[in-house]
Structures are given as structure tokens and as C-alpha cells.
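Participant: The structure follows.
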Amino acid sequence: MSLSILCSLLAVSLFTSGVNAATAEQWRSRSIYQIITDRFALPAGANLNNCDVDAQTWCGGTWNTIRDNLDFVQNMGFTAIWISPVQQNYQGSRTPYGDPYHGYWIQDLTQLNDKFGTSDDLKALVAELHKRDMYIMVDVVVNNVMALNTQPDYSRYMFKDASLYHPYCPIQWGNTTSEQDCWLGDLNVTLPDLDTTNPTVVNTYQSWVKDFVQEYQIDGLRIDAAKHVNKEFWPGFCESAGVFCIGEVFGGLDVEDAAQWQGPLDSVLNFPLYSSLLQGFTIPGPANITAVTDTLTQSKKLFKDTTVLGNFLENQDVPRFASQSVDPQSMNNAMTFTFMYDGIPIVYYGQEFSFNGAGDPKNREPLWPSGYASTPASDIMTKLNQLRNFLVNTTEWATSEPQVLSSSQYGLSFVKGDVISIITNIGSPPQNGTNIAVPSPYDANTGFTELFSCKQWVAGSKGYLDAEYTLGGKPIVLVLSTLMDKSPLCKGELVTSQGLGADSSNAVQLRWSFRWPGLAAIMSLLLAFPVVW
Ligand SMILES: *[C@@H]1O[C@H](CO)[C@@H](O)[C@H](O)[C@H]1NC(C)=O
Ligand SMILES: *[C@@H]1O[C@H](CO)[C@@H](O)[C@H](O)[C@H]1NC(C)=O
Ligand SMILES: *[C@@H]1O[C@H](CO)[C@@H](O)[C@H](O)[C@H]1NC(C)=O
Ligand SMILES: *[C@@H]1O[C@H](CO)[C@@H](O)[C@H](O)[C@H]1NC(C)=O
Ligand SMILES: *[C@@H]1O[C@H](CO)[C@@H](O)[C@H](O)[C@H]1NC(C)=O
């Protein structure tokens, strides 16, 4: 047996024995469901009406209740979850901003937050995720701890000596030194800032994160307030962690601002994309598609690797998408972008129910009143996940370079791998005469299968595809039919014509067809039910 075979056997056994330590490359093909532990699910028998977001206090979710409800997440096709911070939080009486139900008010990093469970509970959650071949990303806060004044008793924190913190100063926004050295928060809730240039702090954090990741078999870290820490701190921290690190670099459209942090960190949450999608797709809104295409051009130029950026439309700090747009189709279209372009799609719990909390604390709604039922938005994200999971498993799609094919005030189209997405901001009302013409790179008569409807499209002359919106502005995802045929999607469904511009010269031709499950599907059915009689 050659050495290389031995090595690869060893690699396989390491992988399957639960040593995860997932890298950026492994995370690239995942999709993430973001959870605030306190708000995701209640234990059986709990009072379902007992959560008032304005009260800013605990509602009762735990690591165990996440574990009990993973089917809901996995059935939507997600392959990872990101949970709110797990370490001990502020232990005192209520603050003017309520209680630390969100988990970001760190007290002692060496202890877990007993509001959310025990060490065994957290391990059981991770074990269950790994059993399902899902990853866990944990939110960590290292920039600061939490206090109620500027002279806290440091003995209760992991770092017990005042000399390991920067002296108090309020942040002067726009001054980078001040943003990194002064204290986040205000005088009601101060956030004492660690001196992350101090070698004791650097070394202690490195051994802390190494132990934490190993002890709980964490696959990735989401790093809170990453831009409030000096850049030099991150490479050593992430290397000690040994897993994918994605940082929160809170910001707007400015790509340069965000991109400088990829390098120190493996990746960042894609705030520029998020900001531009709001510009392009909210209704009413500026309908500024140029903001999106400019952001894509800048991103390609400035980010080291756009394929691992964290694409999102919502999180615990920004207003829910549905609070920013009156039309559900705008979220469906923007969401399609976050899944089908470069990057790791992230969905914040409740987005599937079009929750509409317009900012902290209203955007931290309890999930349970939804009944965990399926909705039009959850159907769309499920289909997007199913397609993306198939593509990342069987093709080089995740790393293939996307290309914008066309853009106009009504939306844009792009190709990535053998998938063309056409997204629009025109909203739900049918519009005759509004269209998006797509110069596809394929030959005339090439066949495509549309993800959401399973309808067949055929490229017109010179490969043109033409999206018309007589049924309203739904997202369109066209997969090369020869590729889609190999997937589990659109099998055995009766496919009908919807009469999209069949007459114009560059039009899509539509045909009737009945698609039989492929041989592979028939074989797997046979294998799934072995003959035992
Ligand atoms: C920026 O902030 C630092 C730290 O607080 C301070 O020392 C410095 O004077 C500030 N610079 C300017 C231009 O205000
Ligand atoms: C402290 O909180 C109260 C109540 O929310 C608020 O009115 C006040 O402005 C806050 N003070 C500071 C210094 O931010
Ligand atoms: C659209 O966004 C771009 C930023 O990419 C900006 O330069 C432009 O002024 C915006 N146009 C409108 C009409 O707001
Ligand atoms: C993708 O591959 C992983 C790992 O082999 C497997 O667990 C998963 O079921 C696959 N997913 C799809 C959609 O094929
Ligand atoms: C748009 O065209 C369709 C048929 O192509 C027609 O049924 C519908 O009434 C038209 N709607 C409007 C608003 O003109």
C-alpha cells in the first residue's frame, strides 16, 4: 500500500471520527441558519405567549431546544447553524437596556452561560449537528467585556487586571485608533475594551480559543465587533482556533472598509452587499441597481476571496428585510442573489416567516408563534438550498467565477457555473411590457430548467433569454437542463408553459414536457428498499 493511500485513509478516518476543524474551503459550500438561542424554540409545555421583545429579557430558548428542533432547520436545506454567544454573561440586576438574553454581554469567558444549558447540553447539540453532517458556528466576543460603569470590578472577568484593558474613553467614530482602543457601549452599559496588543491578553486569548474549539468541537467562529480590535491580533487568534473565522465588520456600501479585514480574518460578513441589495431591491426604495453592480465590481477587485464572504439580508443588529420593503417579492429576489452568487448564504431565524421587527430589540422575535410551518419564503430558501447543495457537492460551482450578464433599473442577471439567475425589483403586481433581456453565454436552443417552477426554457437566437413579468416579479433561476436532470430537483413534475415572450426574436421558447425521474433516482429507490422477502 502506498504512502499516499495510507495518508488518505488516515485523512478519511480523522474526518469521520468527528475531528472537524472546518476550514474556509469547507465552509464555502455550506449555508448557514443564524439563531439567537434564547428566541429559537421553547421546551415542551412552556407558555407560548410568554415572550415580549420590548421587555428585553429571556424568553426560554436553550441549546437543548435547538437540538430538539434541528429537523426544522435541516429540512430547509441548511448545512450549518450559527448560534449566539455561549459564554457567561453579566450576572447583575437589570440594566436600562434589559437583560443579556442575546448573549453579547460577556462576563467570564471561562464559563458557559447557564441560562442556555450545561457543558453536556452544548456538546450534545454539537454531536447531533455532526451526526447530521451539519456544522456549528459559535459567536464569540473578544473585543470587550460588559460592565455598568467605567470603573468595574475586574476580578469577575477572565482578565482580572485593569492593566490588561484600555483606559476608558468614549469612541470618536471615524477615528480608527479610537474605534479600536476606546470603549463600545455608552455610560449605561459600558463595554470595557481589552488591550489586544498586550502579550498576556494575546496569549491568554489564543490558548482560551484553542481549548474552547477543541472541547466543544466547534467548526467555525463568528467574531463580534472584529473591526474594533487591531488587525494584527486576528491571524494568531484564528490560527490557534484552527477553524474558519468570519468577522463582523459593521458598515455600509464601502467595500474597501470591509475588504481590508479579509486577510487578518478568513472572511467577513458582507455588509457592502447587504447595503447594496437594500438600495436595489426594497419597495418603495431607490431601485438603484447600479449600487449592486458597483459593489460587485469593487468586491471582485478588493476582496481576497469573494467565495467565502457571508451573504445576508438580516441579522440581530439590522432591521428585518420585511420592515424595509412592503413587497414580499423583493426579499425573494434579494435572497436568491445571496444564494446563487459567490459567498456563503446566511439566513437569520425568522426571515423564513417574513418577520418584520424594525431593529433591536424588535428584530429578535420569538420563533415559536410561527408554529415552524412552511411559508412561501421558506419554500424558496429550501429550493435554493437544495439546488446549491447539489451544485456544491457535484460540481465546481462554488468556486466558479460569476459574471453579471445584464442590468437595468428593473434588476439584473448573472451566471455562475451552469446557472443563470434573473432577479428583479418590480414587485408582485404583474407587469406587461417590463422585461429583462439576458445575453446568455449559451448557444441558441440550449435547454434550461427553472428552479422554482420546474418550467423548461430554451435559449433564443444568439443565446438570448428574456424574462417577462406578466405573473409578477418573481426570481428566476435557470439551470442547464442537462445538469438539472442529474439533480433530485424537478423530478416527475408536469411542466407547463407560461407564455413568456414566445414571439419576439430573442425570446424564450417554451415546450410542454413530462420529466421522468432519471435512472439514478430509480436505482437509488431500488437500493433504498432492498428485497427482503
Ligand atoms: C484618535 O483617537 C485617539 C485615541 O483616542 C486619540 O489619541 C487621537 O488624538 C485621535 N485623533 C484625532 C485626529 O482626533
Ligand atoms: C441610559 O438609558 C436611558 C434609558 O434608556 C436613556 O434615556 C439614557 O439616554 C441613557 N444614557 C446614556 C448615557 O446613554
Ligand atoms: C446609486 O448608487 C451609487 C453607488 O454605487 C451612487 O453613486 C448613485 O448616486 C446612486 N444613484 C441614485 C439615483 O441614488
Ligand atoms: C453532499 O455531500 C455531503 C457529504 O458527502 C452529504 O452528506 C450530503 O447529503 C450531500 N448533499 C446533497 C444535497 O447531495
Ligand atoms: C398582461 O397580459 C396577460 C396576457 O399576456 C393578460 O392576461 C393580462 O390581463 C395583462 N395584464 C395587464 C395588467 O395588462
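Quick reminder: no glycine exception, Cβ is built from N, Cα and C everywhere.
Just so you know, TrEMBL annotations are computer predictions that nobody has curated.
According to TrEMBL:
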type	residues	note
SIGNAL	1-21	signal peptide
DOMAIN	34-388	domain 'Glycosyl hydrolase family 13 catalytic'
DISULFID	Cys51-Cys59	disulfide bond
BINDING	Gln56, Trp105, Arg222, Gly252, Asp317, Arg364	substrate binding site
DISULFID	Cys169-Cys182	disulfide bond
ACT_SITE	Asp224	active site, nucleophile
ACT_SITE	Glu248	active site, proton donor
SITE	Asp317	site 'Transition state stabilizer'
DISULFID	Cys454-Cys490	disulfide bond
Participant: Work through the recorded positions one by one (Trp105, Cys169, Asp317, Arg364, Cys454) and name whichever has its CA nearest to the CA of the residue listed as 'active site, proton donor'.
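Facilitator: That would be Asp317, nearest by Cα distance.
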Participant: Once the DSSP letters are reduced so that anything not helix or strand counts as coil, what is Arg222 (substrate binding site)?
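Facilitator: In three-state terms, Arg222 (substrate binding site) counts as strand.
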Participant: Taking the Cα atoms as reference points, how far is Cys454 (disulfide bond) from the residue listed as 'active site, nucleophile' in Å?
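Facilitator: Cα of Cys454 (disulfide bond) to Cα of the residue listed as 'active site, nucleophile' measures 40 Å after rounding.
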Participant: Out of Cys169, Arg222, Glu248, Gly252, Arg364, which recorded positions lie by ligand 1, with a C-beta less than 6 Å from some atom of it?
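Facilitator: Near the molecule: Cys169.
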Participant: Averaged across the domain 'Glycosyl hydrolase family 13 catalytic' (34-388), what pLDDT does the model get? Just tell me the whole number, please.
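Facilitator: Average per-residue pLDDT within the domain 'Glycosyl hydrolase family 13 catalytic' (34-388): 98.
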Participant: So of all those recorded positions, Cys59, Trp105, Cys169, Arg364, Cys490, which one's Cα sits nearest to Asp224 (active site, nucleophile)?
Facilitator: Trp105
Participant: Enumerate in sequence order the recorded positions Cys169, Asp224, Gly252, Cys490 whose Cβ-atom distance to ligand 2 is under 6 angstroms.
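Facilitator: Within range of ligand 2: none.
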Participant: Helix, strand or coil by DSSP: which one applies to Asp317 (substrate binding site)?
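Facilitator: DSSP call for Asp317 (substrate binding site): coil, neither helix nor strand.
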Participant: Work through the disulfide-bonded residues one by one (Cys51, Cys59, Cys169, Cys182) and name whichever has its CA nearest to the CA of Gly252 (substrate binding site).
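Facilitator: Smallest Cα separation from Gly252 (substrate binding site) among Cys51, Cys59, Cys169, Cys182: Cys182.
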Participant: Could you list the residues of the same chain, at least six apart in sequence, whose Cβ is under 8 A from the Cβ of Asp317 (substrate binding site)?
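Facilitator: Asp317 (substrate binding site) has long-range Cβ partners Phe250, Asp360, Asn363.
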Participant: Select the closest residue to Arg222 (substrate binding site) from the following disulfide-bonded residues, measuring between CA atoms: Cys51, Cys59, Cys169.
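Facilitator: Considering only the listed disulfide-bonded residues, the nearest one is Cys59.
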Participant: Can you name the residues of this chain that are 6 or more positions from Gln56 (substrate binding site) yet have a C-beta less than 8 Å from its C-beta?
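Facilitator: Residues satisfying the criterion: Tyr97, Gly98, Asp99, Tyr101, Pro361.
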Participant: Here are the disulfide-bonded residues: Cys51, Cys59, Cys169, Cys490. Which has the lowest count of other Cβ atoms within 10 Å?
Facilitator: Cys169
Participant: For Cys59 (disulfide bond), which of the recorded positions Trp105, Cys169, Cys182, Arg364, Cys490 has the nearest Cα in space?
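Facilitator: Answer for the nearest of the recorded positions: Arg364.
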Participant: Going along the chain, which residues six or more apart from Arg364 (substrate binding site) have their CB under 8 A from its CB?
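Facilitator: Long-range Cβ contacts: Ile36, Arg39, Val53, Tyr101, His102, Gln316, Gly357.
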Participant: What's the CA to CA span in angstrom from Cys490 (disulfide bond) over to Cys169 (disulfide bond)?
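Facilitator: That separation, Cα to Cα, works out to 59 Å.
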